[in-house]
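S.K.: Handing you a structure now.
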């Protein structure tokens with residue numbers, strides 16, 4: 001039941017979201033990127049809220065159920081928002097009220113972000129609750145399968161969702177089927193939720209015990225307030241500023257908070273890594289739309305290139321664990337966790353250098369050949385429609401892709417162009433005043449641009465197309481290089497970072513550091529949307545170089561911080577504050593069971609795949 005709940009939510013909107021913004025809503029690349037990363041940031045902020053609700057109020061089971069319903073409603077609303085026929089009153093293929101579709105999509109995305117907050121922090125921990133203390137082997141097997149199920153969801157989302165989107169659907173006019181791409185995941189989520197609820201009688205459900213995150217925040221707040229109230233010189237200094245909480249909180253909790261803050265301080269540079277990593281779903285996808293996706297017998301959609309990441313993850317994780325790390329150890333190289341994370345950040349920067357080099361080649365191949373000044377040129381994304389004659393009048397609507405040309409000779413010629421970039425063809429029907437028709441089918445190459453030219457002297461049989469930009473010869477396969485470098489960086493950075501955080505965290509505060517880790521992902525996406533909105537770089541390759549340079553600078557800062565970091569043994573530090581019966585003291589003061597702790601252990605390990613849930 002839990003595996004269904006973990007796999008199907010991955011089939012969601014992120015795989016096609018940026019293309020939905022650009023081609024359906026009509027936003028430009030920068031605004032599409034901004035809204036995409038705002039959504040991703042919200043998806044990584046709301047798990048903190050979900051954890052608080054589960055631990056302090058509803059419990060894990062009810063939190064998963066209630067917020068999964070919210071998640072599903074959000075998916076349904078997104079599917080409805082993508083149905084262009086709802087507001088297409090004149091049946092011309094164009095929504096007449098784009099404000100309605102935009103508002104609906106924003107509401108749907110907010111509900112999805114809220115819903116995923118209840119799923120992310122609870123499902124893995126709830127799965128761990130189902131095993132007794134002596135069932136360590138079974139618990140380990142469950143989390144291994146859980147890890148694979150999330151990767152399976154990621155593979156399905158990046159493979160199937162773009163295929164669904166590439167279908168043509170509609171009542172009055174056929175267009176890319178975004179409603180199907182959003183609706184199918186909603187239906188699958190309903191199935192997963194029904195199965196999950198059906199098994200409730202078999203589950204072990206523990207009552208909420210209070211949220212440790214809130215206790216930590218209150219302890220920190222009291223220490224700051226007490227220090228401010230005793231800021232005069234007459235009060236003796238204390239070894240650590242958290243010691244000012246001793247008047248209200250016990251020394252064990254204070255010592256644990258100190259350990260958490262020490263690790264959180266290392267988190268400060270980490271958002272920059274996620275700023276680059278999550279652009280796989282935005283900038284890199286937009287880059288792929290300008291490349292050749294023809295793989296012979298089949299055509300790869302631009303948003304399907306993201307599938308390279310989960311495939312490489314499945315391959316790279318065992319290779320790193322069983323071959324690379326042991327080999328480094330045999331070479332007597334002290335490859336500490338923090339050094340691994342530094343290498344991972346540098347690999348991500350190198351991936352963006354590769355993306356920049358590729359973008360330069362794309363830009364060179366996309367140079368526009370100037371059109372004649374004798375014609376009025378109007379762009380329809382990849383097709384240019386020109387009206388010949390000095391006194392010609394052209395009526396043009398971009399979203400409908402219909403152009404009516406009227407010339408001074410009194411001859412009425414209508415060009416009806418049905419065009420879809422992802423199907424790589426355009427259909428033209430030319431009708432003269434006598435009712436004669438001529439049909440043209442223009443095969444379009446990736447990244448190409450054509451001019452449809454109908455002069456006043458046009459007669460049937462003449463060629464009406466001029467190629468302005470040759471089809472892009474840069475193949476999508478070249479993106480595999482940057483995906484490979486980014487995936488290597490992810491494996492070294494993300495997996496190692498989660499293991500390091502767990503090893504350095506107090507036994508009852510794994511969830512606190514998990515919340516901090518998710519927060520770095522959210523902040524990273526906020527950095528992207530700030531650069532996308534405020535940046536004034538004229539070329540996309542320059543933006544890639546900017547991000548790579550920033551991450552290299554941050555990597556150097558992180559390396560210096562890591563050099564001065566002293567590794568801790570949390571159990572040894574906690575033991576100093578224990579009484580004669582450490583185990584009894586531990587149960588009373590930490591307010592936890594061994595089962596909870598082991599659930600959190602596996603939760604931390606499996607949560608490195610939350611990146612996959614956000615693809616989603």
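Quick reminder: no glycine exception, Cβ is built from N, Cα and C everywhere.
Below are the features I grabbed from TrEMBL:
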- 34-52: transmembrane segment (TRANSMEM)
- 64-83: transmembrane segment (TRANSMEM)
- 103-128: transmembrane segment (TRANSMEM)
- 140-160: transmembrane segment (TRANSMEM)
- 180-205: transmembrane segment (TRANSMEM)
- 259-277: transmembrane segment (TRANSMEM)
- 307-328: transmembrane segment (TRANSMEM)
- 340-362: transmembrane segment (TRANSMEM)
- 480-500: transmembrane segment (TRANSMEM)
- 512-532: transmembrane segment (TRANSMEM)
- 544-568: transmembrane segment (TRANSMEM)
S.K.: So which residues does the transmembrane segment (480-500) touch in its own chain, when a touch means Cβ under 8 Å and the partner is 6 or more beyond its ends?
M.R.: 263, 270, 273, 276-277, 280, 284, 305, 308-309, 312-313, 316-317, 320, 337-338, 340-341, 343-348, 350-352, 354-355, 358, 517, 604-605, 607-608, 611
S.K.: Six or more residues out from either end of the transmembrane segment (259-277), which same-chain residues have a Cβ under 8 Å from its Cβ atoms?
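M.R.: Sequence-distant neighbours of the transmembrane segment (259-277): 216, 220, 242, 338, 344-345, 348-349, 351-352, 486, 489-490, 493, 497, 500-501, 504-506, 509, 512-513, 516-517, 519-521, 523-528, 531, 547-548, 550-551, 554-555, 557-558, 561-562, 565, 568, 570, 573, 611.
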S.K.: Could you name the stretch, out of 64-83, 180-205, 512-532, 544-568, with the greatest number of CB pairs under 8 A to the transmembrane segment (34-52)?
M.R.: 512-532
S.K.: Would you mind listing the long-range same-chain contacts of the transmembrane segment (512-532), meaning Cβ under 8 Å and 6+ residues beyond its ends?
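M.R.: Here the qualifying positions are 30-31, 33-35, 37-38, 40-42, 44-45, 47-48, 51, 120-121, 212-213, 216, 260, 263-264, 267, 270-279, 282, 497-498, 501-502, 505, 543, 546-547, 600, 603-604, 607, 610-611, 614.
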S.K.: Does the structure show the transmembrane segment (180-205) and the transmembrane segment (64-83) touching, where I'm treating 3 or more Cβ pairs under 8 angstroms (sequence separation 6 or more) as a contact?
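M.R.: As far as Cβ distances go (cut-off 8 Å, pairs 6 or more apart), the transmembrane segment (180-205) and the transmembrane segment (64-83) touch.
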S.K.: For the transmembrane segment (103-128), which stretch among 64-83, 307-328, 544-568 has the most Cβ pairs under 8 A?
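M.R.: Maximum Cβ contact count belongs to 64-83.
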S.K.: So if I exclude everything within five residues of the ends of the transmembrane segment (64-83), which remaining residues of that chain have a CB under 8 angstroms from its CBs? That is, six or more out.
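M.R.: Cβ under 8 Å, 6 or more out: 5, 9, 12-13, 20, 24, 50, 53, 58, 101-102, 104-105, 107-119, 122-123, 126, 178-183, 185-186, 189-190, 192-193, 196-197.
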